[in-house]
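Structure first, commentary second.
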Amino acid sequence: MYSRRYVACGLLCLLVIAIDQGHGQEHKPCTTPNGTAGRCVRVRECGYVLDLLRKDLFAHSDTVHLEGLQCGTRPDGGALVCCPAFVNEPNCGPSVFGVRIIGGNDTELGEFPWMALLRFQARNRKIHGNCGASLVSKRFVLSAAHCFTAAKSKGWKIHSVRVAEWNFMNHRGSKDCKQVKGYDVPICRKDYDVARFVQHPEYRVNAGVHVNDIVLIELAADVEYNVFVAPICLPVSNDTAQLPWGSSDDPEIEYTAAGWGSTESGKESTGMSYQLKQINLRAFNKERCKKLFQVPSGVGVGLGHICAGGIRDEDTCHGDSGGPLMEAVGGVWYLAGITSFGWPRCGRDGVPGVYTNISHYMGWLEREMFRGILA
C-alpha cells in the first residue's frame, strides 16, 4: 500500500500532464475500463474520481484504475477523465395507458410500474408500509429523506422495499400473487432487502421547509422486471436535462403525482389509502410558493424544489411522502420530483405541495450510485 499524500500527488500530476490522449473529447460519451457508460469531463467535475483521490490509502490497482479513466485532454493540457454517469434503461418510463388528464382517481393496474413502497419495522416487530418511492434501476430506489428521519424518531428501522404493490386488499392474508382478469401473468408483489441507504448529507428542516429532502436506496438484489415492474426515467438525456423543472412558472406545465396517501383533506387525515391513487397537478409560481413557506432565516424554498398544485382538494397528502412527481415527455414518464411537504391541511386552495427537484440532485445521485462499486 501507498500513503495518501504521495500517491494522490503523483496521480494528480499524472492526470494533469497527460497530454497525449487527444483533444476535443470534453463532455462526450465514453466508457470506463469496467464497461460503464460515462462522460468525459474535467477531474474537478467528477465526484467519483475526487472520492478516489481522497482515499486514505492507495493500492497499485487504484493507480491503474485512475490511469485507465483518462479519456483525453483539454487545450490547456488539463486531463479529462471518463466519469461514470447514470444512463436510463432502454425501456424506462413506459406509458402503458397513455397520458391521462385526471385528478385524484384510482390508478390502473400496472399504470406506474416503478411505484415502490417503503416498509419499516416497529419496535414490536410489526411491519408498516409508510412511504412511497420510485424504482429508477434494477438496484436503486429514490424516496424522501424525511421518511427515514420520521421513522427513526418512532424507533422504526427500514425493513424492505416492496414492488408490484397496487391495492393492499388484493393481497389479504399471505397471498403474494393474484391472477387479475385480462392479464396473462399474475401480479406478484415482492419485497427486497435494503443493502444501504444514503440520505443527503445536508438534509434539514427549516421552519417546516424540508431542504435536500432526498434519499437513495440500494437494494440487496436486482429487481426482476415484468409488465408490473419497470423503472421510471431520470432527467439525464439531452432532451430532458435542460427542461425548466423547478424553475418555470408556466401553469401549462403539468405533472402527475402518485401514492397511497390519505384521500381526505384535513390535519387529522394521517392514514393511507388501500388503492394506489394519482392526481394531476400544474406548476405553481415559485415566488408565491416561497412567500407561502417563508422562513425567518436560512435556506427555504429554492432551486432544489418544485411547487405544484394549489387547487382545492387536489393535492398530495399524508402517506404520499417519498412518492413520485412525474412529467411525461414524448410519451415517456420522467421523475421530476419527490413528494416532500406542504400545508398541514392537505388540499387547501391557493397553497401548493412542495417536491424535491430531481434534476437539481443528479450530480449527487450519480456520485452516490457509483461510490465504491467501480474501483
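Just so it is clear, glycine is given a Cβ too, placed from its N, Cα and C backbone atoms.
What you see is a predicted model, and the numbers here were worked out from it, not measured in a lab.
The annotation signal peptide is assigned in Swiss-Prot to 1-24 on the grounds of sequence analysis.
Annotated domain 'Clip' per Swiss-Prot: 29-83, in sequence order, evidence recorded as sequence analysis.
Here Swiss-Prot flags C30-C82 (among others) as disulfide bond. According to DSSP, C82 (disulfide bond) is assigned to a strand segment. Neighbour list (C82 (disulfide bond), Cβ cut-off 8 Å, at least 6 residues apart, same chain): C30, T31, T32, G38, R39, C40, L69, Q70, C71.
Per Swiss-Prot, N-linked glycosylation site is recorded for N34 (among others).
The secondary structure of C40 (disulfide bond), as reduced to three states from DSSP, is extended strand. Its own atom aside, the Cβ of C40 (disulfide bond) has 21 Cβ atoms within 10 angstroms in the protein chains shown. According to Swiss-Prot, the feature disulfide bond maps to C40-C71 (among others).
The disulfide bond annotation in Swiss-Prot covers C46-C83 (among others). Taking all protein chains in view, 26 other C-beta atoms sit within 10 angstroms of the C-beta of C46 (disulfide bond). According to DSSP, C46 (disulfide bond) sits in a coil region rather than a helix or strand.
Among the features that Swiss-Prot reports, domain 'Peptidase S1' is placed at 101-370.
Look at N105 (N-linked glycosylation site): DSSP puts it in a strand. Feature annotation from Swiss-Prot assigns N-linked glycosylation site to N105 (among others).
Under DSSP, C131 (disulfide bond) is assigned to a strand (E or B) in the three-state scheme. Annotation comment: Swiss-Prot describes C131-C147 (among others) as disulfide bond.
Annotated active site, charge relay system per Swiss-Prot: H146 (among others), in sequence order, evidence recorded as sequence analysis. Under the three-state DSSP scheme, H146 (active site, charge relay system) falls in the helix class.
The feature active site, charge relay system is assigned by Swiss-Prot to D213 (among others), with sequence analysis given as support. In this structure, D213 (active site, charge relay system) belongs to neither helix nor strand by DSSP; it is coil. Of all Cβ atoms in the shown protein chains, 28 besides its own fall within 10 Å of the Cβ of D213 (active site, charge relay system).
Per Swiss-Prot, the feature N-linked glycosylation site maps to N238 (among others).
DSSP gives C289 (disulfide bond) a helix state. Positions annotated as disulfide bond by Swiss-Prot, on the basis of sequence analysis: C289-C307 (among others).
Other Cβ atoms within 10 Å of the Cβ of C317 (disulfide bond) number 26 in total over all chains. The disulfide bond annotation in Swiss-Prot covers C317-C346 (among others), and the record cites sequence analysis as its basis.
S321 (active site, charge relay system) carries neither a helix nor a strand DSSP state and counts as coil. Cβ contacts within 10 Å of S321 (active site, charge relay system), excluding its own Cβ and spanning all protein chains shown: 26. Under the heading active site, charge relay system, Swiss-Prot lists S321 (among others).
The N-linked glycosylation site annotation in Swiss-Prot covers N357 (among others), and the record cites sequence analysis as its basis. Cβ-based neighbour count (10 Å, all protein chains) for N357 (N-linked glycosylation site) stands at 24.
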| field | Under 8 Å by Cβ from C131 (disulfide bond), same chain, sequence gap 6 or more | value | L117, L118, S143, A144, C147, G319, S321, G322, G323
| task | May I ask which of the recorded positions C46, C83, N105, C317 is closest to N34 (N-linked glycosylation site) if we compare their C-alpha atoms? | result | C83
| field | Integer Cα-Cα distance in angstrom, C83 (disulfide bond) to N357 (N-linked glycosylation site) | value | 23
| remark: Here the 10 Å Cβ neighbour count for C147 (disulfide bond) comes out at 26
